[in-house]
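> Below is a structure I'd like to ask you about.
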Amino acid sequence: MSIPRLLLLAVLAAAAACAPAHAAGAGACAAEKFSGNRAFAACADLARLGASLHWSYDAAAASLSVAFLAAPPSAGGWVAWGLNPRAQSMDGTQALVAVPSSGGGGAYEVQTYSISGTSLGAPGPLSAYRTSGLAAEVGGDGRVRVFATLVLPNGTGAEVNHVWQVGPYSGGIQIRDTKGDNMNAKGTLNLLTGATAAASGGDSIIRKKNTHGILNAVSWGLLLPMGAIFARYLKTFRSADPAWFYLHVACQLLGYGVGVSGWATGIHLGNLSKGITYSLHRNIGITVFALGTLQIFALFLRPKKDHKYRVYWNAYHHSVGYTVIVLGVVNIFKGMAILDVEQRWKTGYIAAISVLGAVAVALEAVTWGVVLRRRKEESKSYNGTSNGGRLPLSM
């Protein structure tokens, strides 16, 4: 092979080695065409919500021109993309939000928000970046396209945190979905190499939600009903005394301890999801926790069996206990609906409480039989069968 050919091959190999990584792996986004002769140096298909991002980055001028593409969850919905100078989260994100234009006709306009917590607040200039060239349009594939140029402050670096979302719009920006891809639509982007990395925070939140659900289902939904069954039915049998009491206390204390862990996990999730509130589920959970705590304290105020106030304590203890169980089971089903759990989990829990219910019904019949037989025997003894027809002096 001649020397010129060798030199040509060496040049081509060097060019291939030096080419940006995103040019080789641009994927479907590389075929996208834009109006107004807009063109971008790089693009990436994002891992969530079927979105893609196109950009040109001038490092010397710290200028970033972007085009973000995503499909709203329904016609006329909103789409958003933004940078977060602090973390991979919504809190602190400098967001570009495309919403239906007030002029109608299917047109879109871009609003900018500096997000605090998970609340958009009012639209206004971004606090961290200067913007220009804000525009939006709907592409032929139905995806909304957001265009903008941002001037990045000194020290930003090539790798940035970015967040994107889609949601419904009805007279204003409505809350987006709180599960699945929407929870994971965030990550990092290297403006020079095009490397992207999805964030794991959404998966972490989902794990916390699942933990919250399991803890509460086991505690308020299974252990407490089991403890109530021990107390109501086993104490009928003299041979089970005092074993029934220790079984009852053990179940209730264990259930309360696990339930407190589930409740605390729910509070933590609420703090992570400011602006997203399931009021009824939260209020029932607080009520169950408060009443359960009162039950624990009531143990220390339990009068002796022959005390004149024992009947009132029993009435309180039973009514509050059954209220906690009923509200706990109701709230578990509400939590399943919020988490949108698979049907097999709902079926499994329904089967578990159905078994407990069947056991309770069977024991109800058995214990009533025992009580009625015992009363009949006592009545016979009082009628003179074993006492010469005389009533006992203790009557």
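Placed from the backbone N, Cα and C atoms, the Cβ positions cover glycine too.
Not measured: the values here are computed from a predicted model.
Straight out of TrEMBL:
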BINDING   H212, H248, H281, H317  heme b binding site
DOMAIN    49-167  domain 'DOMON'
DOMAIN    172-372  domain 'Cytochrome b561'
SIGNAL    1-23  signal peptide
TRANSMEM  213-231  transmembrane segment
TRANSMEM  243-264  transmembrane segment
TRANSMEM  284-301  transmembrane segment
TRANSMEM  313-337  transmembrane segment
TRANSMEM  349-372  transmembrane segment
> Averaged over the domain 'Cytochrome b561' (172-372), what pLDDT does the prediction give?
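Averaged over the domain 'Cytochrome b561' (172-372), per-residue pLDDT gives 86.
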> Can you tell me which of 213-231, 243-264, 349-372 gets the most C-beta pairs within less than 8 Å of the transmembrane segment (284-301)?
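Most contacts with the transmembrane segment (284-301): 243-264.
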> Just to be sure I understand, if DSSP states are collapsed into helix, strand and coil, how many residues of the domain 'DOMON' (49-167) fall in each?
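Looking at the domain 'DOMON' (49-167) with DSSP, the answer is 0 helix, 64 strand, 55 coil.
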> Please find which two of H212, H248, H281, H317 have the most distant C-alpha atoms, given that the record lists them as binding heme b, and give only that distance in angstrom, rounded to a whole number.
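Taking every pair among H212, H248, H281, H317, the longest Cα gap is 27 Å.
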> Non-local Cβ contacts of H248 (heme b binding site) (under 8 Å, 6 or more apart, same chain)?
G227, A228, F230, A231
> At a 10 A cut-off on CB-CB distances, which of the binding-site residues H212, H281, H317 has the highest count?
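Buried the deepest by this measure is H212.
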